[in-house]
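Pulled from TrEMBL:
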| type | residues | note |
| --- | --- | --- |
| ACT_SITE | HIS61 | active site, proton acceptor |
| BINDING | ASP62, VAL65, GLY67, ASP69, SER71, GLU85 | Ca(2+) 1 binding site |
| BINDING | HIS190 | heme b binding site |
| BINDING | THR191, ASP246, THR249, ASP254 | Ca(2+) 2 binding site |
| DISULFID | CYS30-CYS112 | disulfide bond |
| DISULFID | CYS63-CYS68 | disulfide bond |
| DISULFID | CYS118-CYS322 | disulfide bond |
| DISULFID | CYS197-CYS230 | disulfide bond |
| SIGNAL | 1-19 | signal peptide |
| SITE | ARG57 | site 'Transition state stabilizer' |
Amino acid sequence: MKLAVVAALISAAAVGARACLDVGFYDTTCPTAETLIQQVVAAAFRNDSGVAPAMIRMHFHDCFVRGCDGSVLIDTVPGSTTRAEKDAAPNNPSLRFFDVIDRAKSAVEAACPGVVSCADVVAFMARDGVVLSGGLGYQVPAGRRDGRTSLEDDALNFLPPPTSTAADLVANFTAKNLTAEDMVVLSGAHTIGVSHCDSFTNRIYNFPNTTDGIDPALSKAYAFLLKGICPPNSNQTFPTTTTFMDILTPTKFDNRYYVGLTNNLGLFQSDAALLTDAALKATVNSFVRSEATFRLKFARAMIKMGQIGVLSGTQGEIRLNCRVVNPVNVTATAADDHHLTSSSSSSSDEVAAS
């Protein structure tokens with residue numbers, strides 16, 4: 001995908017440590033990688049626009065558990081009593097379109113066997129999801145290696161639940177070397193996509209210390225609308241029912257999520273929590289006033305998030321099938337030499353947002 005520079009060059013220093021990643025990492029070893037992946041995402045998006053938010057969420061859920069290592073894609077081993085990340089409650093059934101990731105990986109494997117990591121495929125697809133839904137494009141520093149461990153408990157321990165307080169969220173993001181502002185910015189991903197009922201029914205039926213069971217931080221009209229979508233016990237009787245996270249412009253990447261927040265239309269407790277802290281609220285209001293500011297800062301935050309805990313060099317592997325770790329007898333690939341010899345070229349020092 002060709003990305004035109006329309007705003008400014010974002011230096012890697014401005015978005016955090018480079019973590020041994022480089023823009024244009026596959027320029028020589030698999031020059032068509034990003035184009036092939038973008039084509040797969042675009043085709044899936046034409047069939048179902050939900051693929052865009054799904055890829056952004058996938059990248060977030062990958063990076064916040066064991067770092068951006070593609071571990072969220074690994075299947076539970078049949079017969080094993082230890083379940084993988086993707087089967088944890090925060091991921092199942094909320095994470096979708098693993099099949100689209102499989103198709104993207106197959107496309108790059110056909111062109112360049114054993115070169116492009118699953119972790120990088122997810123990072124590229126997340127960027128493509130942002131662009132397809134109307135967000136700002138950005139260049140993705142690449143060179144991530146794939147992890148070989150995926151544990152359900154890690155997802156339960158590290159992914160922030162939708163009931164998080166402001167303090168919980170700030171602590172969770174700070175632990176990943178992200179700032180409070182990064183947290184508010186990345187929460188803006190809720191401007192597109194859907195959520196299952198069990199992520200918010202506590203706010204409309206049995207919120208503590210209320211007479212009507214409705215969270216006072218939630219618009220009453222919105223609460224009654226949500227009750228119509230998610231009736232009592234819907235978590236058991238209608239487990240696949242979903243609703244948009246941003247009811248104002250649910251399929252468009254814009255700043256209306258923040259506008260909704262200021263009108264008590266945030267779907268989750270964690271959304272409403274952004275208004276309970278003065279500094280976080282000020283950031284929310286800044287994005288209400290300027291969509292351009294939000295779009296640019298979101299691109300920067302995605303680049304920064306994509307560098308959490310990455311494996312590089314000879315760490316990890318280049319998984320041949322994103323769902324399964326490589327057999328132990330699979331060792332060096334064409335990518336291993338590239339990951340060892342690729343220098344930190346000038347292209348990694350500047351990241352373009354467009």
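Note: Cβ is positioned from N, Cα and C throughout, glycine not excepted.
The closest partner of GLU85 (Ca(2+) 1 binding site) among the recorded positions, by CA position, is CYS322; the full candidate set was CYS30, HIS190, CYS322. Among the recorded positions listed here, namely CYS30, ARG57, ASP69, THR191, CYS230, ASP69 has its C-alpha nearest to that of CYS63 (disulfide bond). Considering other CB atoms within 10 Å as the measure, the emptiest surroundings among the binding-site residues ASP62, GLU85, ASP246, ASP254 are those of ASP254. Surrounding the centroid of the Cβ atoms of ASP62, VAL65, GLY67, ASP69, SER71, GLU85, where the record places Ca(2+) 1, the chain contributes additional residues within 8 Å, namely HIS61, CYS63, PHE64, ARG66, CYS68, GLY70, VAL72, GLY147, SER150, ASP154. The Ca(2+) 2 site is defined by THR191, ASP246, THR249, ASP254, and by the 8 Å test on Cβ atoms against their centroid, the other residues of the chain that qualify are ILE192, LEU248, PRO250, THR251, LYS252, PHE253, ASN255, ARG256, TYR257, GLY260. Cα of THR191 (Ca(2+) 2 binding site) to Cα of CYS112 (disulfide bond): a distance of 35 Å.
Residue density at ARG57 (site 'Transition state stabilizer'): 22 other Cβ atoms are found within 10 A of its Cβ, drawing on all protein chains shown. Its Cβ placed at the centre, SER71 (Ca(2+) 1 binding site) has 27 other Cβ atoms within 10 Å. Here HIS190 (heme b binding site) is positioned 11 angstrom away from THR249 (Ca(2+) 2 binding site), judged by their C-alpha atoms. Checking each of the recorded positions (HIS61, ASP62, CYS118, CYS230, CYS322) against the residue listed as 'heme b binding site', the C-alpha distance stays within 10 Å for none of them.
Between the CA atoms of ASP62 (Ca(2+) 1 binding site) and CYS112 (disulfide bond) there is a gap of 24 Å, rounded to the nearest whole number.
Proximity to CYS322 (disulfide bond), defined by a C-alpha to C-alpha distance within 10 angstroms, is shown by the following recorded positions from HIS61, VAL65, SER71, ASP254: SER71. In the three-state DSSP scheme, CYS63 (disulfide bond) is classed as helix.
Applying an 8 A CB threshold to same-chain residues 6+ apart, the list for CYS230 (disulfide bond) reads CYS197, PHE200, THR201, ILE204, PHE238, THR241, THR243.
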